[in-house]
Each structure stands twice: as structure tokens, then as C-alpha cells.
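Taken straight from TrEMBL:
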TRANSMEM  12-33  transmembrane segment
DOMAIN    39-139  domain 'SRCR'
DISULFID  Cys77-Cys138  disulfide bond
DISULFID  Cys108-Cys118  disulfide bond
Amino acid sequence: MPSRPLHCELGMQAAIGAFTITQYSLWLPFLYFPETVRLRLANGGSPCAGRVEIHYRGQWGTVDDDLWDLLDAAVVCRELDCGTAVSAPGGAHFGRGSGPIVTWDVECSGTERALKECQSEEWDHYSISHNYDVGVVCS
């Protein structure tokens, strides 16, 4: 154990050796490795149309269509360098995905550079139906 106190912050999690801190965590910048989140569009017939899929925590998943709209699609299109959003279909328009649902209730203002910057339910791996996977069509 360290000989001096370490700064702790609420709401963060860290694992150090055999010890996992779940309620409070250590702020150790030299141990912090932010996860790279990747997006792709699947089953749309082009790189700029399809079901929105997110690579999060080592697994590809999808987004549920609760509150999904053209502003959210605009952020996805921008993040993928695909121009502007033309439509934001839900209801698994591009087919049902597999893996977890990563988030839902996405509410972007439309100016964000990445989907992860938008308001939404907490990102995680949820085991719920893929009947409402979201899609985008970009110009």
C-alpha cells in the first residue's frame, strides 16, 4: 500500500492489483487509459447508411431507438465523416443487431462531435431486445 494518501473521487472506478475500489477510486493519471469508442454503420449497403453499432468495452453493440431523431443521426454522420443526416430510422430498419444494447434515450443537440458526448442512459452492455435498433442515412 502507498505510504501517502491518494486523492479519491466519487463515481469513478479503478482496479489496482488484487484490490478493486468500487465506491471511491484512486485518481492516478498514470494508470488511466480511456477506452476508444468506435462507431460503424452495418447492413445499409454503403459506408454511410445502416444500423448504428458501437464498439464499447471490447464488444460491438447497438443503440435502442427511444428518443432517437435526426439530431442524433447528425452527430453519427459527423463522427463518421459521412456528410449530413438525411434520416434516422428506428425499429431495426436495417435489421436487428447482435450483442448488447449499449445505450438508449440518446438526446444530442446536434452540435456534438461524437455520439459519446450526447446525453443518454449510461453506456453499458444491456441484454434487451434488438427490435428497436437505430439506424442513420447520411448524405
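Cβ coordinates are placed from backbone N, Cα and C, and glycine is handled just like the others.
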Sparsest-packed among the disulfide-bonded residues, when each Cβ's other Cβ atoms within 10 Å are tallied, from Cys108, Cys118, Cys138: Cys118
Spatial neighbours of Cys77 (disulfide bond) that are distant in sequence (at least 6 apart) but have CB under 8 A: Cys48, Gly83, Thr84, Ala85, Val136, Cys138, Ser139
For the domain 'SRCR' (39-139), the mean pLDDT of the predicted model: 97
